[in-house]
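**Q** The transmembrane segment annotation in TrEMBL covers 12-32. TrEMBL lists 98-163, 211-233 with the feature region 'Disordered'. Positions annotated as domain 'HECT' by TrEMBL: 344-683. Marked as active site, glycyl thioester intermediate by TrEMBL: C650.
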Amino acid sequence: MDNERSTEASMVYQGIGMLLLCTVFFVVWLMACRRNRHLLDMEVPLLSGESVDHRIDAATREAEAGYSACSSCEFENFKRFEHCVLCGDKLPSLSINTVDDDSDDEERQPQRHHKLQRVESNSSRGSSAYMVNAPRPSHILSPRPRKMSSLSRQQRRARNRREWSRKLDVEGNLFWYRSGGNNVPVSSEVDSTMPGYTVRLIVSVEDEVGEDSESVDECQGQNESQEEASATVEPVLAVTQALDSNEDVSGKSKLPTDVRLELVEASKSDPAEFPTGMSTLAYVGPERRKETVFMATNDFPSKYAHFVVITASLIVPAEVEFLKLSVHRDYMLEESMDHMYCIQPKNLRSFMRINFLDESGVDAGGVHREWFMLVNELLASPTLRLFTCTNKADQCFHFNPQSRIEVGDDHLSYYFATGRLIGRALLEGGVWGFHLALPLLKVILGVPVTFADMEFIDPESYRNLRWLMDNDGVDDLELDFSLNEQINESEKVVVDLIPNGRNIAVTNLNKREYLDRRFRHLLFESVADQMYAFLKGLYEVIPREMLMIFDPEEFDYLLCGSPEIDVSDWKAHTVMSPNLVGADLTRWFWEIVHQMPNENRRRLLLFATGSACVPLSGFRGLTSYDGRLCPFNLKGVSYKTTQYISSHACFNRLDLPMYKSKKELKNMLYATLDADLTGFTTA
């Protein structure tokens, strides 16, 4: 009996033990499953790789959304903005939309509708492109423009951006039309005393032929080896330095140094002509000209979408060929300028990848963006003196008249390479790092330049010369037709504005000629060689006629974008890993970013993407190296694996450890931003 009871008790205990063991095993198994699921969530790829969206799609969506017109400068802003990107004024809550009188439903539509019209591109690949055809609505809801007298200097500059426009006469010929700030034709008196001039830069026939045939003699041997390389399995054109360190750099540049300058009054100039030659618009029929003139009157989002579509069609796909530039970080500017100078014109629109020598990073977009930003900073450096800051208030730059002395005998090759680099920025949708002076923007676009534009090159000289124009008694100032130019810290040189100008006094009778000579010398004659080299490089990448649809302020925005970062737009176009959706860490992150100064936001963007600038189409326009859309993405990683924030700039990705508190996240985020944010590894 006792044995039976002990046996039963033993079985009960064994059963309880087995039950406890199974329970423990189940709990351990459940915890392991949850941990594995958490780890799998961290390993889920944020971008499937199946998306075929291109930056073209982002640009066309922005155009289709309509625009918000500024009441101060009348610029058509992207609808996502609350302030005008040109003048900074608060945008009205009412934005411009198409209103169709025949459809009540369409009246409620908050966006304008655009048609895509198929047009033939100028691509060497023979592909087609699409033109955004967005006719202006006949009925629009628009704020009434403010009076010019109530505007700030920046707002007046932005309002006057359409002072000059290309028009067609009844026979289909182009002519320049000049208007005032409110699109009122300028009086003949003002037009005669302060005419607009277009620039014509003329070189000898020998120089022109020599430049158009090939890049430069010393690059030809290198280019032959590049062509051989392009026939191999991998379509890589490896661009190497053209010169050994012991070679004489003075023999490198074949660019002309005796450029002849002509200024042509706008009334006598051909609007199809640019400083270095004619655009194709000079040789096409009236319909094509009408199409271009019409596009120039469109709103900016539509023009931007049109430009992106056409430039994207010009790029040679990476699978066909791509350029590989290898540079040392310590000699980045010199080697980059050499590389850009030596690229064959036929390869200028190929994809470009950057290799930092002695570094393990592989360029899938992020390395290129960092390289581009750093080269931009070096070009604007006051120690280089290739460009000089002409207006500290606007932070705009112009060519340095003394560049040959301060940069060296190969200074023109730097300007030529810079022009090509700006062309590449326009081609790829990159954002240039510094603003160009307004007169230079006009010259690039082939738009007439006036005496008033001198204010944006030398404000002090402009004020003094305006005083001379409006007042008598010039004889008492003892001026002559010459200038003293500073060569270096200890040396000056006298420059005659006319033959024997230092011995010809300025009087009330000849002061108009004096003002005109000062204007010509300051804006054009002193930098004619630099201007020709720069424009030649730019136009080799971007056809001239593609620039005709923009006014100077639009082109400046197209090139440089806006430095302000919109956190709401950033957050709205961010992809997150599953473990961050609805998590406290995500909320903390955006709260911290909202509270950051704009400069810290730019540094965070630089760390995550390789660039401190946002594309014009906003965060929805972030791309990979090949132009496909690649949104900013946040990924939560195990706190036990790492406590440091890391980035994958080629994929616009930020890895956040799963911090337990907002304070810890903020401390680590700011510690990351305080570190050196340049350099790549393959980790």
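Yeah, the Cβs are placed from backbone N, Cα and C, and that goes for glycine too.
Because TrEMBL annotations are produced automatically, they should be read as predictions rather than curated entries.
Can you tell me where each of these features sits in this structure?
**A** Around C650 (active site, glycyl thioester intermediate), taking its Cβ as the centre, 21 other Cβ atoms fall within 10 Å, counting all chains. Under DSSP, C650 (active site, glycyl thioester intermediate) is assigned to a helix (H, G or I) in the three-state scheme.
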**Q** Taking the domain 'HECT' (344-683) alone, what is its mean pLDDT?
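**A** Looking only at the domain 'HECT' (344-683), pLDDT averages out to 89.
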